[in-house]
Amino acid sequence: MRSLLCAPLLLLLLSAGESAVITGACDKDLQCGEGMCCAVSLWIRSIRICTPLGSSGEDCHPLSHKVPFDGQRKHHTCPCLPNLVCGQTSPGKHKCLPEFKNVF
């Protein structure tokens, strides 16, 4: 009899558990807004989320495809904003930097 009284309480506790809702989940760049790409999540590698394009001084990956990219990205960073390039700052380290054009 006591177990019958505990069953509804147990169900109430189970249904009140915490859960996560992932916003901005995507598969391809075209599902994200302007100035964003669909990059691999830092926390859950099997999920891609809409991520802002790299700003000046932010980390980048030199092999990131331009936006929009029709396939699935393999990195957690987006390419740099259009007026920036992904330049090497030290061995194995790249950052979004201003694009210097040759004036000659």
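Cβ coordinates are placed from backbone N, Cα and C, and glycine is handled just like the others.
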Disulphide pairing with C37 per Swiss-Prot - partner from C6, C78, C80, C86: C78
Partner cysteine of C60 (disulphide bond, per Swiss-Prot) from C38, C50, C86: C86
Chain-internal residues near C38 (disulfide bond), provided their CB is under 8 angstroms and they sit 6+ positions away: C26, D27, K28, D29, Q31, C32, R48, I49, C50, T51, Q72, R73
Secondary-structure category, per DSSP, in which C78 (disulfide bond) falls: coil
Cβ-Cβ neighbours of C80 (disulfide bond) (radius 10 Å): 25
Cβ contacts of C60 (disulfide bond) (under 8 Å, same chain, 6 or more positions away): G54, T77, C78, P79, C80, C86, H94, K95, C96
Disulfide-bonded residues compared (C26, C32, C37, C86, C96) - highest count of Cβ atoms within 10 Å: C37
